[in-house]
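Participant: Take this structure first; my questions come after.
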Amino acid sequence: MATPHIAANPGDFADTVLMPGDPLRAKHIAETYLANPVLVNDVRGMLGYTGEYRGRMLSVMGSGMGVPSISIYAHELFTQFNVKNIVRIGSCGSIRDEVKVRDIVIGMGAGTDSLVNRVRLNHYDFAAIADYDLLEPVVNAARRREARFHVGALFTTDLFYAADPGLTERLSAHGVKAVEMEAAGLYGVAAECGGKALALCTVSDHLLSGERLSPEERRTSFNDMVEIALEAAVGF
């Protein structure tokens, strides 16, 4: 049954959905990696596809940018379309010297400056963590590919243009690997809805050195992350 944001029918989505932020990246992933991809959503240009990968039905759909956007789509996928697993595949900005541009950060947990999870729990803190059943297969897939990856904490921010110049230093001192804009919200929705979620992000920008990928480099560098997610998802 269609929702306000997803015009799909029951059964249109697979158990596992990969979610890049950019709907055009979802289209690229579906057309590049999935056999017989079918467009299952295009409301507001948020493209979603379902197809086959190595004998397993998988879906890929854009999430948009930020906690509110991914929260809407994740909630509807979990509660209305019987999706079991959502894997965010996106970009992040490194705040650690050892986490280089093009490296992959697998978000075991995510802090945030957003209040969404506190609102869920009457303003108490919430431990926004990934599901281990997704985390372990992704780590194993990254190891098999001999990818450069790091497992640890992300920081999810509502502000792309940071208002607190000292925050990066404080986060880094607490071991946070990178900054992005969705993971903590996704983990909160998954917990609320009884689903499983994981975020893995390719470092597109280094917030300490200023190094960043060009648009073309982003496209090619992100392929490693996508292929790791696909390989792992077959075994979920």
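Numbering starts at 1 and runs along the chain as displayed.
Glycine residues also receive a Cβ, built from the backbone N, Cα and C atoms like all the rest.
Annotations for this protein, taken from Swiss-Prot, read as follows:
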BINDING   His5, Glu180, Met181, Glu182, Ser204, Asp205  purine D-ribonucleoside binding site
BINDING   Gly21, Arg25, Arg44, Arg88, Ile89, Gly90, Ser91  phosphate binding site
ACT_SITE  Asp205  active site, proton donor
SITE      Arg218  site 'Important for catalytic activity'
Participant: In whole Å, how far is Glu180 (purine D-ribonucleoside binding site) from Ser91 (phosphate binding site) when you measure between their Cα atoms?
Facilitator: 7
Participant: Hey, which of the recorded positions His5, Arg25, Arg44, Arg88, Arg218 is the loneliest by Cβ count within 10 Å?
Facilitator: Arg44
Participant: Roughly how many angstrom lie between the C-alpha atoms of Gly90 (phosphate binding site) and Glu180 (purine D-ribonucleoside binding site)?
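Facilitator: If we compare the Cα positions of Gly90 (phosphate binding site) and Glu180 (purine D-ribonucleoside binding site), the gap is 8 Å.
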Participant: Given the binding-site residues Ile89, Met181, which one is most crowded in terms of C-beta atoms within 10 angstroms?
Facilitator: Met181
Participant: Tell me which residues of the chain lie with their Cβ under 8 angstroms from that of Gly21 (phosphate binding site), as long as they are six or more apart in sequence?
Facilitator: Gly62, Ser63, Gly64, Met65, Ile70, Gly90, Ser91, Met181, Glu182
Participant: Using the residues the record lists for purine D-ribonucleoside (His5, Glu180, Met181, Glu182, Ser204, Asp205), what whole-number Å value is the largest Cα to Cα distance?
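Facilitator: The purine D-ribonucleoside-binding residues span at most 31 Å between Cα atoms.
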Participant: With Arg88 (phosphate binding site) as the reference Cα, tell me which of the recorded positions His5, Glu180, Asp205, Arg218 is the closest one.
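Facilitator: Spatially nearest to Arg88 (phosphate binding site) by Cα position is Glu180.
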Participant: Using Cβ-Cβ distances, find the residues under 8 Å from Ser204 (purine D-ribonucleoside binding site) that belong to the same chain and are at least 6 apart in sequence, listing them in sequence order.
Facilitator: Ser91, Cys92, Gly93, Val101, Arg212, Leu213, Arg218, Ser221
Participant: Please classify the secondary structure at His5 (purine D-ribonucleoside binding site) using three-state DSSP.
Facilitator: coil
Participant: Can you tell me how many other Cβ atoms are located within 10 Å of the Cβ belonging to Glu182 (purine D-ribonucleoside binding site)?
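Facilitator: Result for Glu182 (purine D-ribonucleoside binding site): 31 other Cβ atoms within 10 Å.
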Participant: Expressed to the nearest Å, what is the distance separating Arg44 (phosphate binding site) and His5 (purine D-ribonucleoside binding site) at their Cα atoms?
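Facilitator: One finds 8 Å between the Cα atoms of these residues.
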